[in-house]
Amino acid sequence: MAADNTSSVTEFILAGLTNQPELQIPLFFLFLDFYVVTMVGNMGLITLIGLNSHLHIPMYFFLFNLSFIDFSFSTAIIPKMLTSFVSKKNIISHAGCMTQLFFFCFFVFSESFILSGMAYDLYVAICRPLVYTVTMSPQVCLLFLLGVYGMGVLGAVAHTGNIVFLTFCADSLVNHYMCDILPLLELSCNSSYINVLVVFIVVTIGIGVPIVAIFISYGFILSSILHISSMEGRSKAFSTCGSHIIAVSLFFGSGAFMYLKPPSILPLDQGKVSSLFYTIVVPMFSPLIYSLRNKDVKFALKKTLGRITFS
């Protein structure tokens with residue numbers, strides 16, 4: 001850490017979720033359970049999609065990657081978070097903090113764009129079913145995926161580059177359970193209006209562009225559904241979109257609440273609670289949302305369990 005008030009710190013202390021001693025152990029086991037559920041749910045969905053050939057279609061190609069992103073996202077955040085519940089000082093090096101920040105931003109941006117890709121896939125399936133196979137060909141899906149992870153890298157580089165060259169004088173206590181953008185900006189002794197502006201612009205692009213794409217897709221989807229004459233057809237179309245709408249609402253709602261409000265309106269302590277939703281709750285619930293509402297996934301699960309039982 002800093003030798004004096006003018007040199008930059010070389011390691012940080014993560015404050016964690018709470019400083020109340022009686023809550024530390026219960027919270028440790030609570031979030032450990034969350035992590036196990038997230039790992040089992042997402043790895044289970046990845047395995048099911050990989051093993052069942054009838055799920056090798058664009059919709060499940062995107063879902064496979066969403067589960068991979070959620071699995072990796074949780075692994076970048078929760079293990080270090082658990083340390084804060086069982087140690088007096090949860091120390092992380094400057095390099096470790098910047099690495100966590102990079103992967104945090106990478107997976108947030110990747111998830112934003114994979115959700116918009118899934119919305120486009122739904123739009124083509126419902127609004128242009130006759131050309132679905134051509135429009136969502138394997139080559140197109142791979143290009144989509146390159147775009148998703150490419151935007152993830154760009155967002156992570158922009159945010160990490162904006163933070164990594166800042167100086168952190170004397171105080172090394174990060175008021176969060178992870179190395180997040182706003183707590184680090186607040187801690188820096190030379191951050192400027194430009195740094196805050198960069199965060200706002202990059203977050204607006206990372207959240208704004210996918211949200212606009214999702215709204216446009218759902219505008220066309222809603223128009224097509226309203227033109228379906230049978231109630232059964234409408235119900236089936238709405239059901240197809242239901243899981244995606246729930247996942248989108250949870251992820252973008254909590255993310256926008258955290259980052260698109262000035263710190264004066266949303267104090268960092270409240271921001272920690274808000275960020276729990278998109279860093280822990282969303283990755284945990286995504287596989288449950290998609291599997292419990294999806295007949296194909298249920299069928300694949302029964303088929304796979306049947307194979308295991310038979311063997």
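Backbone N, Cα and C atoms are what each Cβ position is placed from, and that goes for glycine too.
TrEMBL does not curate its annotations; it predicts them automatically.
What TrEMBL says about this protein:
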type     : residues : note
TRANSMEM : 27-51    : transmembrane segment
DOMAIN   : 41-290   : domain 'G-protein coupled receptors family 1 profile'
TRANSMEM : 57-79    : transmembrane segment
TRANSMEM : 91-110   : transmembrane segment
TRANSMEM : 193-226  : transmembrane segment
TRANSMEM : 238-260  : transmembrane segment
TRANSMEM : 275-292  : transmembrane segment
Sort out the residues at least 6 away from either end of the transmembrane segment (27-51), same chain, that have Cβ-Cβ distances under 8 Å to it, and list them.
17-18, 60, 63-64, 67-68, 70-71, 74-75, 78-79, 81-82, 85-86, 280-281, 283-284, 286-288, 290-291, 297, 300-301, 304
Of 57-79, 193-226, 275-292, whichever stretch has the most CB pairs under 8 A to the transmembrane segment (91-110):
57-79
PLDDT averaged over every residue in the domain 'G-protein coupled receptors family 1 profile' (41-290):
87
